[in-house]
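For reference, TrEMBL has these:
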- 21-41: transmembrane segment (TRANSMEM)
- 79-291: domain 'ABC transmembrane type-1' (DOMAIN)
- 83-104: transmembrane segment (TRANSMEM)
- 116-136: transmembrane segment (TRANSMEM)
- 164-189: transmembrane segment (TRANSMEM)
- 210-232: transmembrane segment (TRANSMEM)
- 272-291: transmembrane segment (TRANSMEM)
Amino acid sequence: MAKSNRTAVRSGRRSLRGAGINLFYVPALLILIIFTLYPLISGFALSLTNWDGYNPVKTFVGLSNYATMLKDENFRTVLINTFIYGVGSTIIQQIMGLALALLLNTKIRGRNIIRAIVYLPALISAVIMGTMYYFIFQYQQGALNTLMVALGFEKVVWFDNPHISVAIIVIVNSFQYVGTSMIIYLAGLQGINQEVMEAASLDGASGWKLFWNITLPMLMPAFSTSVVLNLIGGLKLYDVIQVLTGGGPGYSTNSVSTYIGLTYFSNQNAGYASAIGVVLFLIIVIVTALLNKGLDRLGWES
């Protein structure tokens, strides 16, 4: 009987201990509900209305905002731009990040200083970075046009051409966050088992063959992390666009994120802006899920 009581007491203590540990999850759960689930649900609810963002009256309009989106030519433009920003920035960041990581993984002089310099832009506000690049490409007194005039060329109105403007935005976003990719790849390279590399070298693998068959497959976890983070960041791009072009000329350089702000504040159409926000959320979720699935499969094959 006494033994049974002691067992029951121990079991009760374990349960209380487990319940106490579970309480530590409550703050994180509350943050998730307040800052993620609630905005998502309320945003979807607003997308079913014609609310202007100021009037307390909200009229239910069903899925008409989503139907409007299908006929909105400006939305098609910003959707294409968004994928260009996301995919373009991601490709550049992977190439440059991996190249820098491979270089800085060697015993070159000043590698720690180079790492710090490359990573520094990622620590600077995107608004500040955008402003710096604006003064580089600015027409009248921009650094690039000043250099071109000194070399005997004519000034170029960089931000008048939508295609050039989109390319500049991709480049600026890429250069700001290439340091993040570099750090991820550098961590991956330093985590590779050197015994495997030495064994491959003894088997005759070297140079490109060693990189392609040994190093790159073992970098797949780092590659997956870098690609997903960069792509999500590119798809949500907002501040650099606002500083460099303001989305112009016209709607030609807007992303979905900047178009949401324009629709909400300038056009006073909060319901439609919320619908666009819901679509952006779904795009990011679907693209991320498909990307993770594809990268996982590629990783297993490697």
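Yeah, the Cβs are placed from backbone N, Cα and C, and that goes for glycine too.
At the 8 Å Cβ cutoff, the transmembrane segment (164-189) and the transmembrane segment (272-291) share fewer than 3 close pairs (sequence separation 6 or more) and do not count as touching. Same-chain neighbours of the transmembrane segment (116-136): 100, 142-144, 168, 172, 175-180, 182-183, 239-240, 242-244, counting only residues six or more beyond its ends whose CB sits under 8 Å from a CB of the stretch.
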